[in-house]
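K.L.:
What Swiss-Prot records for this protein is below:
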REGION    1-23  region 'Disordered'
TRANSMEM  61-81  transmembrane segment
TRANSMEM  85-105  transmembrane segment
TRANSMEM  111-131  transmembrane segment
TRANSMEM  138-158  transmembrane segment
TRANSMEM  168-188  transmembrane segment
CARBOHYD  Asn206  N-linked glycosylation site
TRANSMEM  237-257  transmembrane segment
TRANSMEM  279-299  transmembrane segment
TRANSMEM  327-347  transmembrane segment
SITE      Thr334  site 'Important for channel permeability'
Amino acid sequence: MDDNPTAVKLDQGGNQAPQGQGRRRLPKALGYITGDMKEFANWLKDKPQALQFVDWVLRGISQVVFVSNPISGILILVGLLVQNPWCALNGCVGTVVSTLTALLLNQDRSAITAGLQGYNATLVGILMAIYSDKGNYFWWLLFPVSAMSMTCPIFSSALNSVLSKWDLPVFTLPFNMALSMYLSATGHYNPFFPSTLVTPVTSVPNVTWPDLSALQLLKSLPVGVGQIYGCDNPWAGGIFLGAILLSSPLMCLHAAIGSLLGIIAGLSLSAPFENIYAGLWGFNSSLACIAIGGMFMALTWQTHLLALACALFTAYLGASMSHVMAVVGLPSCTWPFCLATLLFLLLTTKNPNIYKMPISKVTYPEENRIFYLQSTKRTVQGPL
C-alpha cells in the first residue's frame with residue numbers, strides 16, 4: 001500500500017521548474033483544507049477569541065463523524081439546514097453551550113480546540129428537537145437543550161477518567177446518557193416537554209419481498225450516513241459524505257461501506273423495508289466502520305476486515321437494543337455503536353498488523369497510517 005516518492009528533475013535552464021511547481025501547487029493548496037486543517041488552527045492562535053470560538057464550534061459539529069475540520073463543519077451545517085433548520089439551530093445551541101461549559105470548567109484546551117467538547121451536545125440538541133412531540137419551533141425547548149448540553153462536558157470528563165486507563169475514547173456515550181436521561185425524565189405525557197412515544201413491536205411486520213425497491217435501497221446508503229445526525233434526507237446524507245470526504249477519503253469510504261453493511265444486516269433479518277429505507281439500520285454501523293477502519297486502529301487489510309465485522313456486529317446489536325430499550329420507551333440512539341466499538345477496541349491480539357492507535361496520536365486515517373508505518377519501522381530498526 002506504500003508508494004515510493006518520485007523526484008522531479010530540473011534541467012539547467014530551469015524551464016521545468018514552473019511546471020513542477022504548478023503540479024505541486026494544487027496538492028499543497030488542498031492540504032490546507034483537508035485533514036484536520038492543522039495549519040489553520042495554528043494561524044488562529046493569535047487571532048481574536050471570538051474567531052477561535054467559531055472554529056471550535058464548527059469542529060465540534062464535524063467531530064460527530066470523527067472529523068476535526070471547520071469547513072467540513074460548515075458543510076454538515078448546510079446539510080442540517082437542508083433537512084430541518086430547527087434541528088440545525090438546536091444542534092448549534094447545544095454545541096455552543098457545551099463548549100462554553102467546558103471552558104468554564106477548565107477542561108483540556110486542546111480537546112476544546114479540536115471540537116471534542118462540543119460534538120456530543122450537537123447530537124443532544126438535534127435529537128431533542130427530533131423527539132419533541134411539540135414539533136418545530138417550540139422555542140421553550142431551547143432551555144432543556146441548553147441544560148442537557150451543559151451535562152455533556154461533565155459526562156465526558158467523568159467517562160474519560162475511567163476509559164483513559166485503557167486508552168479508550170468516550171465516543172458518544174455522553175450524548176446517549178444525556179438524551180436517555182432527558183427522555184426518561186419527560187416522556188410522552190409530560191405537560192411541558194412531551195417526547196415522541198416509543199413503543200415495542202407488537203405484531204409481525206408485513207414484509208413482501210417483491211415490493212423491495214432497488215432505488216430506495218440505493219438512496220438508503222447516504223440516508224444511513226445522514227441518520228448519524230438524525231437526518232432522513234438523502235441530499236443531507238450526500239452532503240455529510242462530502243464533508244467527510246473533504247477531510248479523509250478513507251473515512252468517507254468506510255462510512256459508505258458501514259451504511260451498506262447495515263442495509264445488508266437489515267435485509268438478512270427481514271426488517272421492515274421502511275426502516276431500512278429511512279437509514280435506521282445504517283448509522284450505527286457506519287460510525288463503527290469508520291472508528292475501526294483507520295480512525296482508532298491503523299488501517300491495514302486486517303483492520304479493514306475487522307471494521308467490516310464490527311459494522312455487521314453493530315447493526316445486529318442495534319436491532320437487539322432497539323427491541324429491549326423500546327420496552328421502557330427509549331430509542332437505542334448510538335448505544336450499539338459505542339458498546340460494539342469499545343468491545344472491538346478492547347480486543348487483544350499478537351498480530352502486529354492489528355494496531356490500536358494511542359489516543360493522543362489519533363488524527364485521521366491517512367495520518368494515522370503514516371504514524372503506524374513509522375512506528376513499525378522504528379521497531380524493526382531498533383535492535384540494529
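Backbone N, Cα and C define each Cβ position, glycine as well.
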K.L.:
Using a Cβ distance cut-off of under 8 Å, indicate which of 61-81, 85-105, 111-131, 237-257, 327-347 has the most pairs with the transmembrane segment (168-188).
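P.N.:
Comparing 61-81, 85-105, 111-131, 237-257, 327-347: 327-347 has the most Cβ pairs near the transmembrane segment (168-188).
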K.L.:
Between 111-131, 138-158, 237-257, 279-299, who has the most Cβ pairs under 8 Å to the transmembrane segment (61-81)?
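P.N.:
The listed stretch sharing the most Cβ pairs with the transmembrane segment (61-81) is 237-257.
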K.L.:
What Cα-Cα separation, expressed in whole Å, is found between Thr334 (site 'Important for channel permeability') and the residue listed as 'N-linked glycosylation site'?
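P.N.:
The residue listed as 'N-linked glycosylation site' has its Cα 27 Å from the Cα of Thr334 (site 'Important for channel permeability').
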K.L.:
Quick test of the contact rule: Cβ under 8 Å, at least six residues beyond the ends. What residues does that give for the transmembrane segment (138-158)?
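P.N.:
Counting only partners 6 or more residues beyond its ends, the transmembrane segment (138-158) has Cβ contacts under 8 Å with 90, 93-95, 97-98, 101-102, 105, 107, 116-117, 120-121, 124-125, 128-129, 132, 170, 173-175, 177-179, 181-182, 186, 192-193.
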K.L.:
Give the sequence-ordered list of residues that share a chain with Asn206 (N-linked glycosylation site), lie 6 or more positions from it, and have CB atoms under 8 Å from its CB.
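P.N.:
Non-local contacts for Asn206 (N-linked glycosylation site): Pro272.
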K.L.:
In the same chain, which residue numbers or ranges, 6 or more beyond the ends of the transmembrane segment (237-257), come under 8 angstroms Cβ to Cβ?
P.N.:
33-36, 62, 65-69, 71-73, 75-76, 78-79, 82, 221-229, 231, 279, 286, 289-290, 293-295, 299, 307-308, 311, 364-366
K.L.:
Among all protein chains shown, how many Cβ atoms are found within 10 Å of the Cβ of Thr334 (site 'Important for channel permeability'), not counting that one?
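P.N.:
Around the Cβ of Thr334 (site 'Important for channel permeability'), 26 other Cβ atoms lie within 10 Å.
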K.L.:
Take the transmembrane segment (111-131) and find every residue of the same chain, 6 or more past its ends, with a Cβ under 8 Å from one of its Cβ atoms.
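P.N.:
The answer is 36, 41, 52, 55-64, 68, 73, 80, 84, 86-88, 90-99, 101-103, 141, 144-145, 148-149, 152-153, 155-156, 172, 174-175, 178-179, 182-183, 195-196, 229-230, 331, 333-334.
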K.L.:
Under DSSP, is Asn206 (N-linked glycosylation site) helix, strand or coil?
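P.N.:
For Asn206 (N-linked glycosylation site) - judged by DSSP and reduced to three states - the answer is coil.
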